[in-house]
Amino acid sequence: MSRRSTTTSTNFGLSWSLVDVISSSTAVFKVPMNGGCDLWIGCARWLRDMKVLTTDKNGTMLEFASVLRDGILLCRLANTLVPNGIDQKKIMRTNQPSPFLCCNNINYFAMFCKTYFNLEDADLFTAEDLYYMNGFQKVLKTLSFLSHTKESLSRGVDPFPDTDNNQEGTSNGSEFEDDVEIYQSLHDNIENVDPNRTIYGPITSADPEEQQSEQLYDRIVTNRKPSMNENDLQNTPTLKRNRCIRELYDTEKNYVAQALVTIIKTFYEPLKGIIPTSDYNIIFGNIEEINVLHTALLADLEYPVKVALGLSDATPPRPISLNECVPQTIGEVFIKYRDQFLAYGKYCSNLPDSRKLSNELLKTNEFISRNINELTAQGNCKFGMNDLLCVPFQRLTKYPLLLKELQKKTDLASPDRKSLEEAVEVMEDVCNYINEESRDTNAIKVIDEIEQSITDLSMPLNVKLHDYGRVNLDGEVKMAESTLTQAGKPKQRYIFLFDKVIVVCKAANKVMAAKTTGASARTNTFTYKNAYVMSELTIDKNASLDVKSGGTITRRTQYVIIMTRDRNENNEITQLTFYFKNEATRNNWMTALLLSKSNVSPTDYLRDTNHKVAFHSFRVDVKNPATCDVCDKLMKGLQYQGYKCESCNMSMHKECLGLKKCEAVRKSTHETRSSQSFNCNRPRFHIHEGDIVVANSNSTPSDLSYLQFAKGDRIEVIKMQGHNRFTGCLINNRNRTGLVHLDHVSQSRTTSMIGLSPIDSPAGSIAPRVVRNESTVLPNKLLSDGSSRSLSGPHGSRSSRNSSSSTINGSMDSVPRQQDYVNTEISEFLWYMGEMERAKAESTLKGTPNGTFLVRYSKNRKQTAISLSYKNDVKHMIIEQNSDGKVYLDEDYIFNSTVELVQYYRSNNLIEIFAALDTCLKNPYSQCKVFKAVHDYDAPSPNNEGKFLSFKTGDIVVLLDTVGEDRGWWKGQVNNKSGFFPLSYVKPYDPATEGSSSPVTPTSSSS
């Protein structure tokens, strides 16, 4: 899983005009101010007086609205008016804007208003009114009503608007209806504002309880006394360092004696048996374990502190066991106790529940309340039990600061310097570990609530929605789902983007009865529509604009994200398109999608390492914590903390993936060279996409990415994945998909052999770099939109073409080894172009996108070659053949046939064998729609963001999209530039008929 900065602002008077500034530049709305200005400024003033807002300045109305949007300040206001009016545990905080969480908070506030102030729906606003800024005047109306209640007035705070004749409320005030136009700009511009970058930013994190705990820590632990003036003549570097050492040691003594021992002796031990065991364990958590830790740490600190201070009575402690290494420096003490500090993870995660439960017992259980009060008095405690239980969390956060300050004041030549630097890293690592554990604990609760809100989502036994990773973004998106033959219509959907899957829902806000008063409040509920596995999706980073209707391409511009999905059936969804009204929202979603994709498929981090990794959840064990094998730091969080390599078994953080190469690959490569005759990973039979296989055993995998099936089940092969695995689905339940290992299946007698797979080769064990952990539990829904237009290409469906070759590869022995003629087996594939020389291949592939390829037979060399378009150039690779008739591009990767070799490199990066080629064989040239410019076209000026594509007569234009075709426009690419162009300016291009006129660069050799 925040960086905050503030911008300056100005106090505005009542005579100014509203100018909302976005990104410190653009004036987006301007209207003479009247009552509307008075209202929001009055509301901001009232919230400041109520101590909910902590800034003494006004920003713009847009900034003010943005900080109310997540509902946290409203919940804080509710608890200011009525203490504990909203359960603190229910208030949801998030690092990124989440409509689901924000609307939940707003709904809690609405329920509070109905429960405690009997507000009617007419006096309330909905979550949509605030979050989407559809009715900000309603928000001000509700808050104005609350400002006139006795709970507010009793605090001596003036209400708003400040009128002499209305002291009971403003629910019927016309000023809220007269100025609706003032708030209309908020809806269009709210997405462009980051509340953390406004003048109000710091208030969103200023939790009053945290501030109170900080003050309490200072009183109990720090207990600062007046010290010498920093400018004192004797304030030498040594004295400064000694003061740091004393502060560290003295505060540790105070922490143990004044906080931990007091908790244990005054409350923890006496209350055992008085408070029910389950409640007792929640309230105190593992405080005893923390007390043991710090008692030992304090004892170990004594000797290094005395040595550092130069005290004469410093006596080295005796080790209590043969294996114990007694710390000699302050830094070594903290390094020694790193793993024990992880006990704070459980304590800090439990702290909110502890505070809530103890407060409830103090209010509702007279017997327990009386005992706690008596124990407080008997122990002469200046602070309550709840206050003391918050101190450990505050103490933990101080260690990195104290050690870092001591490090700064320690000379570089000091023998203590190195251990201090390491101690700072260790304690920062520990604090990050605790933060991630607390964050994941909260995130899992949120995801469980999301799962409950999707009313018709049916999950398999022992599988939860949070098993698919963290939620990286959620919100309403207009989305189209298209198949090979149907272009889907854009529909409003609610998307939950997890690390591993995209869950598609439809918002269905229902009215739920309140348990206490019979009132009703809107809650977030959804109906399940579909789900998509991130590892199966390819995100188009270039497509960004879509243009709809009107007489010109510049009208109704929408921002889009396009994702494609490998599927062969006509009724299976192959493309997802997200539509957005503005670029900022699109960029947010693109960033989140790329994050999810990168998490499950971190290919950019794996370059040249040969690791084969899977996104992995490491077992959380504070006694023996998982650490990264590269940096030796902790694997943080409760799930999917990092990656594990299947070859060398290394555990790694994401950022450490590229720092160390896989040693297992070197070993296996050597073994392959020395013994090509045997490969334990080679399957006993050949299967291909579209085949039907039969399960030869039951499989109930613990890994959610694998398919669950019973012996005898028939399974269809959807996609070969390498490493003797494929993605398959049950014939009797095609909604269930997942990985299947070849050891668990056998060939069906009715299997159709339609082509070879890379899994069949001796190199089959060299799997893709990222192990694809597909989903097995989320059902898919087929698209059935009869009104959609066809998307099929000129070649039609691949399945019909492949079916004709069903018996070609029945036996590997029948494949001729001789390669001095065109192999009829190869001719069945779209990528094979027959006889073609190097120059012709270059002119054919000129200008095509990266990864476009063809396979050709060179009559001159009597060899088969692959020609590939890459970075505005055409690369050629000769397919070599050994004495056994096997083929290869590199001798470490041997294949039985050319078909097998090509299929392998369609899903595996060529960088494995060619350092200069960072691509796979993506698209056969025959499937690439290529046109030739018949007129010059110059993009209009200004050509903002390269929306239009310029070209010259004779240029080769690759068609990317037919969007805008009904208005005479296509989207295409020339070299590495893309954009819209008039479709009448090009004609179909066929190298076969235009070969003589195509520009050809002579070469010295032909292949």
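Here the Cβ of each residue, glycine as well, is placed from N, Cα and C on the backbone.
The zinc finger annotation in Swiss-Prot falls on one of the ranges 5-59, 500-554, 610-664, namely 610-664. In this structure the alpha carbons, written CA, of TYR217 (phosphotyrosine) and TYR183 (phosphotyrosine) are 44 Å apart. DSSP assignment over the domain 'SH2' (831-925) gives 22 helix, 36 strand, 37 coil. Of all the Cβ atoms in the protein chains shown, 22 others lie within 10 Å of the Cβ of TYR217 (phosphotyrosine).
Counting every protein chain shown, 24 other Cβ atoms lie within 10 Å of the Cβ of TYR183 (phosphotyrosine). According to DSSP, the secondary structure content of the domain 'Calponin-homology (CH)' (37-151) in residues is 75 helix, 0 strand, 40 coil.
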